[in-house]
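Feature list (source: TrEMBL):
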- Glu334: active site, proton acceptor (ACT_SITE)
- His335: active site, proton acceptor (ACT_SITE)
- Tyr136, Gln198, Asn221: NAD(+) binding site (BINDING)
- Ser244, Gln266, His269, His335, Asp368, Glu422, His427: substrate binding site (BINDING)
- Gln266, His269, Asp368, His427: Zn(2+) binding site (BINDING)
Amino acid sequence: MEIIRGFAQAEKRLSRRDKAGFFLDETQRAELAKRLGVDPEKAVNGIIDDVRKQGDKAVLEYTLKFDRASISKLEVSPAEIKQAAGEISAELFEALKLAAAQVRAYHRFQKEAVWKAAEIMQGKQLIRPLERVGLYVPGGKAFYPSTVLMTAIPAKEAGVNEIILVTPPGADGKIPAPTLAAAYIAGVDKVFACGGAQAVAALAFGTKSIPKVDKICGPGNIFVTLAKKAVFGVVDIDGLQGPSEVLILADQYANAEYCASDILAQAEHDVLASPIMVTTSAELAKRVNDIVETKTDTCTRKDIIRQSLRDNGLIAVVDNMDEAIKLANMYAAEHLCLLVKDSEQYLSRINHAGCIFYGEKASVVMGDYVAGPSHALPTSGTARFSSPLNILDFVKYIDIVNVSKEEVAKLGKAAATIARAEGLECHAEAALKRMG
């Protein structure tokens, strides 16, 4: 990993002023255009248009083209979903059940707080769950049962009436048993074997098989992200997630092994992942870098790790924690780890992060799987204005207005005056009639 020194250097390297990570740079766009024969956004828009016009037929054709899976039906039957729960190992099934219980407990606690606030607003505002949501879970060559739990359970706890899940099948046309088992545990209503932009389009517009949803949530590759961006407005979306990232703040008291393990865990996600550490200790920086270099060769995904570290990895040495905190707030990381002495004291100074992990035992991996909060987090600096996926993503508020005779007498004339100032005479008349 590259080690740099000084706040100015670190600020320059960590600045996101150019573009957010989910937008393609010129090199990426050119590479994808060469592979596709057309600009990637145009390709995605073409897929969306085909699905909107041709429905299931287009989804099946694109599933064959991109996933190399020849399937005749998109929906996975309830019997297949239930059967999958018995096909995985007992150890994995129990681990998924424990993770589900943790996620459920966290979001149930949040739900109680949200509904309590709604009671305070009684007579002024209604809170209602969304009727139907679509969840995108990455798949194909890999599978992510944890993402099923982290997206479906908050929706279930919010009271969503119907939860639809889409995920790409493998070349054999099947969805891996762990993904289906997680869907069974989380209480997903319907599962469809399709992914990519075609799955997003199907959720947004509906097909004969796949119901139209009100909102689409969940991470995916660049094509999924571009598709979510394109259909926003037809449906709601949770956000535009880019590659995963971690920012570790560490002082001289930090455990170098812990720092290195979190860097390696982040780097093995993806060649686009960003493992970054900011430390006040030059000695720790060197120790961590040495451990990372030594252990990389022992990792199963060492090629991915090497490229991630080479292209996006960074260790920055700064003078003090004030500078480190300033960098953290500027970068607005998806995952922010506080591996510092008395870490809790710094929580009040963090304004921008997807999730904060404080204390040396709080590895990001715990948040990925079993801590409780959803691991669907804002990336690419969007934590400056976005929140983690949670109960509030699956409810909406409806304001209520009821005006008494006394209130009309007090407010009606002002309403009419403002309406006339805006040139809306009928508005004014409607207000004044209530005063009579």
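In case you wondered, yes, glycine gets a Cβ from its N, Cα and C as well.
Shown on the structure are the features that TrEMBL records.
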{"residue": "Gln198", "record": "NAD(+) binding site", "DSSP class": "helix"}
{"residue": "Asn221", "record": "NAD(+) binding site", "DSSP class": "coil"}
{"residue": "Ser244", "record": "substrate binding site", "DSSP class": "coil"}
{"residue": "Gln266", "record": "substrate binding site", "DSSP class": "helix"}
{"residue": "Glu334", "record": "active site, proton acceptor", "DSSP class": "coil"}
{"residue": "Asp368", "record": "substrate binding site", "DSSP class": "helix"}
{"residue": "Glu422", "record": "substrate binding site", "DSSP class": "coil"}
{"residue": "His427", "record": "substrate binding site", "DSSP class": "helix"}
Q: Tell me, if you would, which residue among Gln198, Asn221, Ser244, Gln266 (binding-site residues) has the fewest other CB atoms within 10 Å in the structure shown?
A: Asn221
Q: Select one residue from Glu334, Asp368: among these recorded positions, choose the one with the most other Cβ atoms within 10 Å of its Cβ.
A: Glu334
Q: List nothing but the largest Cα to Cα distance in Å, as a whole number, among the residues Ser244, Gln266, His269, His335, Asp368, Glu422, His427 that the record says bind substrate.
A: 58
Q) Do you see any of the binding-site residues Tyr136, Gln198, Asn221 whose C-alpha is within 10 Å of Ser244 (substrate binding site), and which ones? A) none
(Q) Take the mean position of the Cβ atoms of Tyr136, Gln198, Asn221, the recorded NAD(+) site. Which other residues of that chain put their Cβ within 8 Å of it? (A) Pro138, Val166, Pro168, Gly195, Gly196, Ala197, Ala199, Val200, Gly220, Phe223, Val224, Ala227
Q) Distance between Gln198 (NAD(+) binding site) and His269 (substrate binding site) at the Cα atoms, whole Å? A) 24
Q.
I'm trying to understand the geometry here, so how far is the Cα atom of His427 (substrate binding site) from the Cα atom of Tyr136 (NAD(+) binding site), in Å to the nearest whole number?
A. 45
Q) Could you state the CA-to-CA distance between Glu422 (substrate binding site) and Glu334 (active site, proton acceptor) to the nearest Å? A) 45
Q. Among the binding-site residues His269, His427, whose Cβ has the fewest other Cβ atoms within 10 Å?
A. His427
Q: Starting from His335 (active site, proton acceptor), work out which of the binding-site residues listed here (Tyr136, Asn221, His269) have their Cα within 10 Å, and give them in sequence order.
A: none
